[in-house]
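Notes for the one structure printed next.
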Amino acid sequence: MKIRYENSLPLAAEYFGSFGEASGYDVGTLTPEQLVDFDVLAVRSTTRVTPELLNCANRLTLVGTATAGINHLDTRYLDAQGIYWMSAAGCNAQAVAEYVLSVLCNAHLEDITDLKRARVGIVGAGHVGSALSRLLDVLGIEYVLYDPPLAEQGDERPFTDWLTILNCDVITLHVPFVQNGAFPTDKMIDAEVLAGLSAKQLLINACRGEVIDEVALKQRLMAGDGPTVVLDVFANEPDIDADLLQYLWLATPHIAGHTLEGKYSGTQMVYEAICDLAGQTPEKSLDDFLPERPNLHVDLELCSDQGDNLAPAIALVLSVYDVKEDNNHFRKGLAGPTSFTAMRKQYRVRRELAGHKVECSQQPDSAIATQLAKLGFNLK
Ligand SMILES: NC(=O)C1=CN([C@@H]2O[C@H](COP(=O)(O)OP(=O)(O)OC[C@H]3O[C@@H](n4cnc5c(N)ncnc54)[C@H](O)[C@@H]3O)[C@@H](O)[C@H]2O)C=CC1
Ligand SMILES: O=C(O)C(=O)[C@H](O)COP(=O)(O)O
């Protein structure tokens, strides 16, 4: 079997090498001729799989993307050609949920959002939206879910309406980018929606840039008194509107899903699909590759000094992942499309919360210990 893979799939050689010939290509360099006689194409969101790209693909049986989003695949064309395609659904849901949590923790500390009173509107209750709702449940933060497709499919969770979402203190977007059909998301946050948002609200987009009308967003933010905005994703990546950044509270280069766990899981899922194709039982697993998590030390006494029972969780979440570091790095490093892609592909090693061992300066009270354990921390 011959496999062509985008080099940014971590561990691709380790996972795919045993199937036969596996050869990588750098982002933006794949040509149609390089797919001649290949059975499998493994990509991330930075390879657009179009009819033109597959022009010479005479043997292609499987296109696998190690990502949750699929809007870079022409799935209609693949279906029409009888080429099986798969995505790594849910691989990085926890990563994105923890990105949003890190944003919320910072917003709480900076008095942008009072997490004890705030209501979070989660738009899209799939893998990411659900992972986020579980984190908010642990912390006792109120939220509502909006997901008409799931409601229509009979999902029994309580769903709210669009107007209620637009009145939430925090609106966080976790939908796929869809242009057609009954539930399009293209510019679902448009000029009219933006006009109704106030300076008391926080708007987070970590799904796809095109879900917000960015031209309207910039105009709204330039006019003043607009919502606080956090963007991980932008229209027209990697050639983004850098001028927009000055109006955003936090901005990051599409790395919300880029934990080590999220990226390795994506490759693992593509590997499992190839095993399936080859009629083999998967022998490799994430545990073969994931390094141990570092230990954390936290002074709980200091944390709870502020009389805030969210303080220990916030301190720990931010000690594992503080989105502000990525924001600072992005703003310093952005100099055109090449740097946007480079910052994504050379992203630092980021780990998820679960499994971190925590040494506390004092025994936490039982409610806080339970909360931290439910976030996945191992209290020593
Ligand atoms: N920034 C990043 O690094 C990442 C971004 N993403 C993006 O986030 C999106 C969501 O990821 P997952 O939760 O894993 O996908 P998912 O497919 O599990 O969930 C998406 C949910 O959105 C719902 N939905 C679709 N259209 C809707 C509409 N018009 N209104 C409300 N809800 C709607 C679906 O019913 C589904 O439940 C992905 O499609 C991808 O584009 C995903 C992972 C990482
Ligand atoms: O999974 C998705 O969907 C994402 O947006 C990924 O985080 C995108 O990462 P890259 O494939 O662009 O590295």
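The count begins at 1 with the first shown residue.
Cβ coordinates come from backbone N, Cα and C, glycine included.
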Point to revise | Site co-member for NAD(+) according to TrEMBL, given D147, D232, out of G140, G154, G224, G257 | key: G257
Revision key, fill the gap. Within 10 Å of D232 (NAD(+) binding site) (Cα basis), scanning recorded positions S45, T67, H254, I find H254
Review point. For D147 (NAD(+) binding site) and T67 (substrate binding site), what Cα-Cα distance in Å is obtained after rounding to a whole number?
Key: 21
Check your understanding: How big is the Cα-to-Cα gap, in Å, between H254 (active site, proton donor) and T67 (substrate binding site)?
Key -> 12
Exercise for review: Only counting partners 6 or more residues apart, tell me which same-chain residues put their Cβ under 8 Å from the Cβ of T67 (substrate binding site).
Suggested key: R44, S45, S87, A88, C91, N92, G257, G266
